[in-house]
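Enquirer: So TrEMBL lists these for the protein:
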- 136-417: domain 'ABC transmembrane type-1' (DOMAIN)
- 453-687: domain 'ABC transporter' (DOMAIN)
- 134-154: transmembrane segment (TRANSMEM)
- 174-192: transmembrane segment (TRANSMEM)
- 250-270: transmembrane segment (TRANSMEM)
- 276-295: transmembrane segment (TRANSMEM)
- 356-379: transmembrane segment (TRANSMEM)
Amino acid sequence: MALEELRIACGVSRDGSRASNLLKAARRHGLTAKGMQMDVAALAEVRPPAILFWEFNHYVVLEGIGRRLGPLGPRGARINDPAHGRRFVPLDEFDAAFTGVVLVLEPGPDFRRGGRRPGVLRAMPARLRGMSGTMLAVVLASLLLVVAGATVPALSRTYVDLFLIGGQTSGLDVLFTAMATTLAVTATLTAVQQANLLRGRVISATLGSARFLRHLLRLPVSFYSQRNAADLVQRLQSNDTVADVLARDLAAAGVDAVVVLLYALLLWSYDPGLTVLGVLVALLNVVAMRIVLGLRATGTQKLRADSARLTNTSYSGLTLIESMKATGGEDGFFRRWAGQHATTLDTQQRLGVPSAWLAVVAPTLAALNSALILTVGGLRAVEGHLTVGLLVAFQALVTSFTAPITRLNGVAGRLQDFAADVARLKDVENFPVDPVYARREPAPSTRRLTGLVELDRVTFGYSPLDPPLLRDFSLTVGPGQRVALVGGSGSGKSTVSRLLAGLYSPWEGTIRVDGTPLGEIPRGALAASVSFVDQDVFLFAGTVRDNVALWDPSIPDDAVIEALRDAAVYDDVVARRPGGIHSRVEQDGRNFSGGQRQRLELARALVRRPSVLVLDEVTSALDAATEQTIIDNLRRRGCACVVIAHRLSTVRDSDEILVLHRGTVVERGRHERLSAAGGAYAALVRER
């Protein structure tokens, strides 16, 4: 089962998942699942694997309880911990971290095996797309280099046996010419090989990053609720690393594997006995490589996760630097960052130890191989079983035979890192795109939506395993009307705004604009007619025009200025800056005040003249006069407007006010009637 499907089935979010959700998901897939409370002594009777609640903050998988390093070793448990990987925990440490909650899952009568184990090889066709010609040139050049590499020892054998020992003088110029030609051909083929490897890397990095980012931008909002931005940026950047390994190491590893076989056959044709000796020593290299890969297996994925957490911590701290300094939190942040940095370095060091060991073993075995061949071959030459020239040629071929094996040892660790990176990329690429992108768009139309919005008995929640956050909600807003949603935190106001914006689809009920269900409206028409602004302001480094128009050259400057004026930020702010709408905006709008940033965000929503405007706390940082100016400008535009606000002065003149409590409408009407009714709205007025 794909990991992304399992996340959805278990209702995973940034806050993780509850034990009850894990049990529900297991039962839906034919497993008998039960949760139990027990101590460590009783846990020894549970047949692993089992899921344990660990340190009151996450889950681990119990793989077994027993002794480490034989019957005399310490007693403990083998667990698979997402925070640390697979590890052995001594019994006293296990008892301190184990909370007593155990989830036992076993195949039931309805359980059916299915799917297939994910692998790196299945991801290769897509990664190699556009590189077939380049990789073919690399393979051909590499194979021809094998021929050239075998020619030099053969010429050396001829020189030693015929000219150096045999005393022959004629034809020496031909031999030297052949050697020079071989060296020239080797240099040319190497240049062709390296040039195509570089070209393949550029092609793979360009196409891979473009495909990944395009897919990433087309994913639904629910995908982003399970991951942080810093981690996704790190995954995007890993496309370059994958391309580098794919073009350089993976192609070279495939060629080296073929080269080893060809050289082994060539060595066999020279002397079978010495070949067996050389191959046996080379196999020790392979054994060492397998041991190292086994030691690195769990650490590679953990290093990627640790690096992502460290990047996210660094990004979050520097983004909130003003708040941190205002609250004196620098030392606390540094301690947190230093702890995560130390964890990442510790993982790197643990991975580096077996790799360093292999880096010592590989050349040592290669030198041992050469020494044994020289010793045994010398004895056989003395006994007359082979010539000195053949021994010299064989020695050169053994060096060529062991060189790709040594390279494979070095590449093996990078290929393991490559597999971890590809798995993280596939985690994103396998996630299904938002259905709105899967629909076939009709030909562009100049018709715009008029702005009649209807929510008919809508029920919705963020996790299908949890109770809905919004129940049986209905609302109608016509062109030029202004409807306000008020209520306490967690009442469902922002959820309604995201449903109206098309970011989520309701579980039950229908959302219609101009009588057409939201899911059937072409995405282009919906984006041009419905604008959503929430309280999280995002401004990027660029010009005011870039931030308002989002790099769209089809939007004229007059439309940008009009949007800025209606957002009450042009005359007093933008027009007074050098360059006007072409003036500079720093990252996150640091050269603007909080209220100015909110108004720039509002102007971005107004620039396309939407028919429906959804505003979630967008005037919270404004004074009353500026707020009233914006409200008047929006009414003049004549668009349907849904406003969410905690400050009730913002919603007093709304055509209708809806009071929400725990996802249901408890009151609705105009300000005067609701205030006089003495209900939930009147209580909010008194509180604020």
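Each Cβ is built from the backbone N, Cα and C atoms, and glycine gets one as well.
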Enquirer: What else in the chain is close to the transmembrane segment (356-379), if you only count residues 6 or more beyond its ends and a Cβ gap under 8 Å?
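Expert: For the transmembrane segment (356-379), the list is 271, 273-274, 277-278, 281-282, 284-285, 288-289, 292, 386, 391, 394-395, 398-399, 402-403, 405-406, 409-410, 413.
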Enquirer: With a cut-off of 8 Å between Cβ atoms, can you find at least three pairs linking the transmembrane segment (134-154) to the transmembrane segment (276-295)? Only pairs 6 or more residues apart in sequence count.
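Expert: Between the transmembrane segment (134-154) and the transmembrane segment (276-295), contact is absent.
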Enquirer: Excluding the flanking five residues on each side, which residues at least 6 beyond the ends of the transmembrane segment (250-270) place their CB within less than 8 Å of a CB in that stretch?
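Expert: Same-chain contacts beyond the flanks: 135, 138-139, 142-143, 146, 150, 197, 200, 278-279, 282, 390, 393-394, 397-398, 400-401, 404-405, 407-408, 411, 415, 418.
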Enquirer: Any idea what the model's mean pLDDT is for the domain 'ABC transporter' (453-687)?
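Expert: For the domain 'ABC transporter' (453-687), the model's average pLDDT rounds to 88.
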